[in-house]
Amino acid sequence: MRHRRSGQRRLSVRAILSHTLAISLGVLVTVGGLQARPSLAQAAPVEIAQATPANTAAPNSNPDSFVAAAVRQIGPAVVRIDTERTVTRRAAPMFDDPFFREFFGSDFFGNVNPPARQEVQRGQGSGFVVDGNGLIMTNAHVVANADQVRVTLRDGREFTGRVRGADSVTDLALVEVDTKGERLPTARIGNSSNVEVGDWAIAIGNPLGLDNTVTLGIVSSLGRRSSAVGIPDKRLDFIQTDAVINPGNSGGPLVNSRGEVIGINTAIRQAPGAGIGFAIPVNTAKQIETQLLKNGKVSHSYLGVQLLSLTPQMARDNNRDPNSTVRLPEVQGVLIMGVQRNAPAATAGLRRGDVVIATDGQAVTTADEFQRRVEASQVGQSLNLSVIRDGNRQQIAVRTGELQAG
């Protein structure tokens with residue numbers, strides 16, 4: 001989180017910031033979306049023709065193919081989600097451009113108020129049915145700010161949807177459709193806690209406007225923190241996969257060899273020649289689903305601090321640096337790099353340069369570990385932090401606040 005620059009003690013740029021790596025590879029939210037988030041690149045609106053839905057069970061398909069069996073299991077429950085929103089734009093944006101106003105002078109434009117025009121922005125993503133009465137799981141960014149939501153099943157049935165609830169922090173949303181009493185095919189939900197690196201991973205969705213597309217890969221890694229993926233405004237540990245995921249896959253299921261949902265396809269990290277996909281673990285999605293159904297929103301705890309994992313070697317490097325104006329304890333812990341004004345951490349008296357070594361008596365060694373403990377707490381819960389400040393150990397109680405999504 002950002003903090004104001006002040007005359008406070010500065011930490012050694014060479015010793016500390018050299019350990020902080022800014023991720024330069026692009027992260028793409030996999031949808032032809034409606035609204036671009038500052039840290040995420042989005043695909044252009046979909047304008048290509050849709051492919052004819054493919055048959056899922058060819059009569060002479062290989063009966064020993066676990067992929068075909070998994071697709072037969074999950075396929076009917078996977079949906080395409082089309083969204084629209086109307087935005088109003090000025091016909092001549094140059095009227096508001098500071099460059100043109102400075103070049104021509106404000107008097108040149110006078111009080112001219114250019115006419116506004118409306119545009120319809122379209123996006124597309126995927127989802128899957130979690131309740132046969134018409135409840136669908138998808139990504140929050142797929143349906144963000146949508147005026148209209150249309151859900152299409154593989155069998156061609158179409159429904160008008162409404163967003164039942166969304167949580168931008170975990171990028172999950174529920175869409176509800178009126179089935180007029182019809183039961184929809186539902187996805188079989190697996191257990192992401194049982195997933196292991198090397199397991200088969202099958203991604204199903206509507207990438208690039210091509211309906212019912214299936215790709216195969218493996219689970220490449222588990223517990224990839226959103227900050228490591230390049231999405232710092234999310235609070236997630238992702239399943240990483242090499243199953244091909246493209247724009248339009250967002251919100252669709254990542255399934256195991258039995259056709260059970262283990263994750264929700266959310267993002268890709270692009271690199272020359274290949275891409276890496278990331279899915280939200282389905283166990284996380286189930287927890288969010290419960291809160292969205294109950295409250296229509298999800299509450300997240302926060303402290304309002306900027307953190308850096310500290311090692312004894314990093315502290316020694318800092319302390320040897322003649323340009324450093326602060327000495328750090330040579331311990332394993334979490335260095336507070338900044339404190340947000342008026343945040344719970346500031347209210348409790350935490351300061352830049354404090355080193356947290358334990359929470360509620362349990363040692364903490366990395367920033368991610370500390371962040372997970374904060375996220376696991378209830379809003380308003382008091383956390384007892386063991387902190388080293390100016391070489392002295394002290395206890396500071398801080399009460400978590402509720403993170404405001406934005």
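Note that Cβ sites are derived from N, Cα and C of the backbone, with glycine treated the same way.
Taken straight from Swiss-Prot:
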| type | residues | note |
| --- | --- | --- |
| ACT_SITE | H141 | active site, charge relay system |
| ACT_SITE | D171 | active site, charge relay system |
| ACT_SITE | S250 | active site, charge relay system |
| DOMAIN | 289-391 | domain 'PDZ' |
Within 10 Å of each Cβ, count the other Cβ atoms, then let me know which of the active-site residues D171, S250 comes out lowest. D171
Spacing of the two Cα atoms, H141 (active site, charge relay system) and D171 (active site, charge relay system), in whole angstrom, works out to 6
Please report the distance from the Cα of D171 (active site, charge relay system) to the Cα of S250 (active site, charge relay system), rounded to the nearest angstrom. 10
Tell me the residue counts in helix, strand and coil for the domain 'PDZ' (289-391), as DSSP assigns them. 31 helix, 30 strand, 42 coil
If H, G and I count as helix, E and B as strand, and all else as coil, what does DSSP give for D171 (active site, charge relay system)? coil
H141 (active site, charge relay system), number of other Cβ atoms within 10 Å: 28
